[in-house]
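Below: one structure in structure tokens.
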Amino acid sequence: MDRMKKIKRQLSMTLRGGRGIDKTNGVPEQIGLDESGGGGGSDLGEAPTRIAPGELRSVRGPLSSAPEIVHEDMKMGSDGESDQASATSSDEVQSPVRVRMRNHPPRKISTEDINKRLSLPADIRLPEGYLEKLTLNSPIFDKPLSRRLRRVSLSEIGFGKLETYIKLDKLGEGTYATVYKGKSKLTDNLVALKEIRLEHEEGAPCTAIREVSLLKDLKHANIVTLHDIIHTEKSLTLVFEYLDKDLKQYLDDCGNVINMHNVKLFLFQLLRGLAYCHRQKVLHRDLKPQNLLINERGELKLADFGLARAKSIPTKTYSNEVVTLWYRPPDILLGSTDYSTQIDMWGVGCIFYEMATGRPLFPGSTVEEQLHFIFRILGTPTEETWPGILSNEEFRTYNYPKYRAEALLSHAPRLDSDGADLLTKLLQFEGRNRISAEDARKHPFFLSLGERIHKLPDTTSIFALKEVQLQKEANIRSTSMPDSGRPAFRVVDTEF
């Protein structure tokens, strides 16, 4: 028995010293002995055991199928030879000399596995041979999914490449960008391609960078989805989901008279998407009907985040040259740069009124005229209604007449008392007095939509509820429906 222990010890020393472990693939190689017995000399105690070439073998398998070690017992005699080498053996012991490697069968990977792992659309069409390639070598399943690994995997599928998308029609053009209707080869779905020209001296416009940085982190049923980003030397292309029209075109197609039930659904979705943005500390800052996209189902989505920005603290100073004039609040018109989420709520009130009446509430062409329209309906502010207003130099300069506030119901007769109350709470002079998006969507005006609509996950459409349906418009025009049966896409404002 002492001699056997000596043999085992020497064999172990030989295995450790005979060949190092290759770590080139990130994991140790599996080492085993060949089927043949160890052919040592007659006196194993005098010399180290010699292993014939080929007896040590390394097995390197793919990461996805780590080999399983199977020990097969060999009978060895007291002279150190196996029964294969010597037919006579007086004392038999079992020793795990022979090691055979057994590979697990490759993992079967499905399209659903890839979609879930990489957060891809369910209708994605993977390139030919991609599944077979992953079956042989599947790093996205065998390693933690780092940002770099995810980027490489998406590129292999076709994301980030211009050739993945087919341009169909030119929808509009701005100072820096052109928007095209397009089609994705990956999903066969329509997309909107916002192609931003890169000036060599200036690089990408800050509005484009801002839009990308914010949208890639905003995941909500009422916010337009950014599908892809393609960066070349000459352009930056943003690939958005395609929606049929914007709210301005919807109003035009309805003869400026939207069914009041649909007004309620659109307003709720606007508030729902905006409340999510504000929870993420993002201000849109450019709300207007042209930036609210609507599809055939009636889903409304916030778009064009070119002027949006992340809000760090409520008192941060921002530019007052934001928000299209008609939807700009009076405190911003008078030069205030001290604002937070309330800047968006004034615009919501203006859009609510426009949906209910079919006309803009304050259609001024200059800042002075815009303020005049506001004060003529809501009343000229005083120290009682707007503390500190008389110390505002711009306000004193304009020297507006002393208007008395008018009842909003007289201007929007289709609103009920709850609707008028909500509109009043949105159209407050001081931002701090305006109702928040979160509180506004819980207003009694929306009671008829039921309780379940408030419990939906962020990424679920309100139309997932069977009790929520868009009603047919009485005056809808069919001119916006092309021969394909899909309504025309209204281009998002591309001016930067």
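Every residue number used here counts from 1 along the chain in the order it is shown.
A Cβ is built for glycine as well, from the same backbone N, Cα and C atoms used for every other residue.
I grabbed these lines from Swiss-Prot:
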type	residues	note
ACT_SITE	ASP286	active site, proton acceptor
BINDING	LEU171, GLY172, GLU173, GLY174, THR175, TYR176, ALA177, THR178, VAL179, LYS194	ATP binding site
COMPBIAS	69-78	compositional bias 'Basic and acidic residues'
COMPBIAS	83-93	compositional bias 'Polar residues'
DOMAIN	165-446	domain 'Protein kinase'
MOD_RES	SER36	phosphoserine
MOD_RES	SER42	phosphoserine
MOD_RES	SER64	phosphoserine
MOD_RES	SER78	phosphoserine
MOD_RES	SER82	phosphoserine
MOD_RES	SER95	phosphoserine
MOD_RES	SER110	phosphoserine
MOD_RES	SER138	phosphoserine
MOD_RES	SER155	phosphoserine
MOD_RES	THR175	phosphothreonine
MOD_RES	THR380	phosphothreonine
MOD_RES	SER391	phosphoserine
REGION	1-95	region 'Disordered'
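Have a look at these and tell me how they're positioned relative to everything else.
For THR175 (ATP binding site), the number of other Cβ atoms no farther than 10 Å from its own Cβ, over all displayed protein chains, is 9.
DSSP classifies THR175 (ATP binding site) as coil under the three-state reduction.
When secondary structure is read from DSSP and collapsed to three states, THR380 (phosphothreonine) falls in the coil class.
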From the Cα of SER391 (phosphoserine) across to the Cα of ASP286 (active site, proton acceptor), what is the distance in angstrom?
28
Return the member of GLU173, THR175, ALA177 nearest to SER391 (phosphoserine) in space, with distance defined Cα to Cα and candidates limited to these binding-site residues.
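For SER391 (phosphoserine), the spatially nearest of the binding-site residues is THR175.
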What is the total of other Cβ atoms whose distance to the Cβ of VAL179 (ATP binding site) is within 10 Å?
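VAL179 (ATP binding site): 23 neighbouring Cβ atoms within 10 Å.
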Inside 10 Å of the Cβ of GLU173 (ATP binding site), count up the other Cβ atoms and send me the figure.
14
LEU171 (ATP binding site) has how many other Cβ neighbours within 10 Å of its own Cβ?
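Around LEU171 (ATP binding site), other Cβ atoms within 10 Å: 20.
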